[in-house]
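Novice: The feature transmembrane segment is assigned by TrEMBL to 21-40, 113-131, 143-161, 190-214, 226-249, 270-291, 322-343, 350-367, 420-443, 470-494, 506-525.
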Amino acid sequence: MEAQTAPKLQNPPKSRNPITELWWFFAISACVKLLLIPAYKSTDFEVHRHWLGITHSLPLSQWYSDETSIWTLDYPPFFAYFERFLSVFANLIDPQIVHLQKGLNYSSNTVLYFQRISVILSDLCLLYGVFRLTRNSDSMKQKMIWVLVIWSPMLVIVDHLHFQYNGFLLGILLISLSCLEEGRDLMGGFIFAVLLCFKHLFAVAAPVYFVYLLRHYCWKGLVRGFWRLSVLGTVVVAVFALAYAPFVYHGQMQQVIHRMFPFGRGLCHAYWAPNFWVFYIILDKVLAFLLGRLGFNIQAPAASFTGGLVGDSSPFAVLPQVTPATTFILVLISLTPCLIKAWRHPRPSLITRWVAYAYTCGFMFGWHVHEKASLHFVIPLAIVAVQSLDNARHYFLISIVSCYSLFPLLYEAQEYPIKVLLLLLHSTLMWLGFSAQFANGIALETANSGKKKDDDFQSKRRSVGAAQKGGFVIGWVHWSYLVSMLLVEIWGQFLHPIIFGDKLPFIPLMLISTYCGIGVMYSFIWQLKWILDS
């Protein structure tokens, strides 16, 4: 009689370590960025190199009054302190980097490598922010958000090719949002105040923070509420005092404010950001042309917008003139529905979406908006994108549009294949990732899970239906818009130089701004509708 064979023991599945996986995402990203070090070198290199020189060579009382170079310091004090911190290491590597006079337009390899690597290392702040926001999510959602944020082609183009520190600053924003989502309101408000002292343009979301914290954190009865309001106010005031008190002491506060808010730069940047003002400008041009043909005496300033001068006051020929106060009012009006929702239903799970919408409003209607500011809403929307199929469709479109709107930043021929490859790779990864998430019943599990979701029942039902029909689909309207974007690029990159040569060089840029402006306008309306319906 044969003895029964004991069943073989299967190896238990290895436990997943998300921290290790996240480090791999960061390592792959860092390797790509290191390969891009010799690439395009913008004027922002000299801007930040000069800021290293200012903060290292001059006493604090002269930081915001120095005019050794045209690239004067115009960020808030915490960023100046950050430059001062970096200057210590720059001085050890090459003292000429931080020399106020000898360092002007200094462009050796030591400058290039130091500044490139400093941005890569500062992205560790972004890594921590993403980790905090995704540590309680399931594996698929975590990895999808990591792909969208850590491997963002927009951050590669703006920070690691053009050169800035947006990843570092957005990391601080994500840390703040993660605290709010966890119910740690005081810490979230504190970190946001720190962010404002690094870059004041993030203040567009301040009304959302104020209303949300007042309602969710402070609205706890008269005595307890007043105490919490006092504590929150003290924390915020302490942060701003730490940042600005030295400049108040030296009598430099007025100069600091003047540098931080240079309203004389005009309504639009040299390259028009794809926002509401693109359509306003074009309408003014069309009306001026038509009225001129009808015999009206229209004084249209020559190339007042297409010339792209940063200091241009941007006069209009027919439509009413736009002032900084006008743009401020429009931003506030567009924010109002979100503020009402935040007051009535201050849900921590919605704060990231509200902040993304706030930055969309600032981008749409703000004064002298840079195209790079689209990062402020695209990165937070990546956190929202994995919540439902509707959110994923919206993000798929707006992320491609926003990335394409950055193409004029890299205008040299050698960078053209890089930016095209980055966008194509990003689009492919998004498509594959969202298809995997919303196929094979995963959307159904999401809709039926016990965890509280942000989307309404109808949105969940649509996600489930789409998942059962075959995964991630965006519809023919979205596809038509994205395919037409290819025609815009073919015209600007190939046909326009053949037909017009060096004439009318502003037309390709204007077409990109206008076409991408349609996509950004759609995103603004889509987000507003979601907030109103939620």
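Placement of Cβ uses the backbone N, Cα and C atoms for every residue, glycine included.
For each feature listed, report its degree of burial, its nearest neighbours and the pertinent distances within the displayed model.
Specialist: Sequence-distant contacts of the transmembrane segment (21-40), counting only residues of its own chain at least 6 positions beyond either end whose CB sits under 8 Å from a CB of the stretch, comprise 112-113, 116-117, 119-120, 123-124, 127, 130-131, 142-143, 146-147, 150-151, 156, 160-162, 410, 412, 414-415, 418.
Sequence-distant contacts of the transmembrane segment (113-131) (same chain, six or more residues past either end, CB-CB distance under 8 Å): 18-19, 22, 26, 29-30, 33-34, 36-37, 45, 48-49, 86, 89-90, 93-94, 97, 145-146, 149-150, 155, 159-160, 163-165, 167-168, 170-175, 177-178.
Outside the transmembrane segment (190-214), and at least 6 residues removed from its termini, the chain residues within Cβ reach (under 8 Å) are 75-79, 82, 169, 172-173, 175-176, 179-180, 229, 232, 235-236, 239-240, 242-244, 260-261, 331-332, 335, 338-339, 342-343, 346, 351, 354-355, 358-359, 361-362, 366, 373, 376.
Sequence-distant contacts of the transmembrane segment (270-291) (same chain, six or more residues past either end, CB-CB distance under 8 Å): 298, 300, 305, 308-310, 314, 316-319, 322, 330, 363-366, 369-371, 373-374, 401, 405, 408-409, 509-510, 512-517, 519-521.
Away from its own ends, the transmembrane segment (350-367) comes close to residues 133, 173, 177, 180-181, 201, 204-205, 207-209, 212, 263, 267, 273, 275-277, 324, 327-328, 330-331, 334-335, 338, 341-342, 373-374, 376-377, 380-381, 383-384, 454, 520-521, 523-524, 527-528, 530-531, 534 of its chain (Cβ-Cβ under 8 Å, at least six residues beyond either end).
Among residues of the same chain six or more beyond the transmembrane segment (470-494), those with a C-beta under 8 A of the stretch's C-beta atoms are 389, 392-393, 396-397, 400-401, 404, 407, 416, 431, 434-439, 507-509, 511-512, 515-516, 518-519.
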Novice: Short question: which residues 6 or more past the ends of the transmembrane segment (226-249) have a Cβ under 8 Å from it?
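Specialist: Contacts of the transmembrane segment (226-249) (Cβ under 8 Å, skipping residues fewer than 6 from its ends): 60-61, 64, 76-78, 185-186, 189-190, 193-194, 196-197, 213-214, 217-218, 220, 256.
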Novice: Within the same chain, where does the transmembrane segment (143-161) have neighbours whose Cβ lies under 8 angstroms from its own Cβ atoms, ignoring anything closer than 6 residues to its ends? I mean 6 or more beyond.
Specialist: 21-22, 25-26, 28-29, 32-33, 36, 39-40, 116, 119-120, 123, 126-127, 130, 133-134, 137, 167, 170, 174, 372, 374-375, 378-379, 382-383, 385-386, 395, 399, 402-403, 406, 409-410, 415, 418-419, 422-423, 425-426, 429-430, 433-434, 437
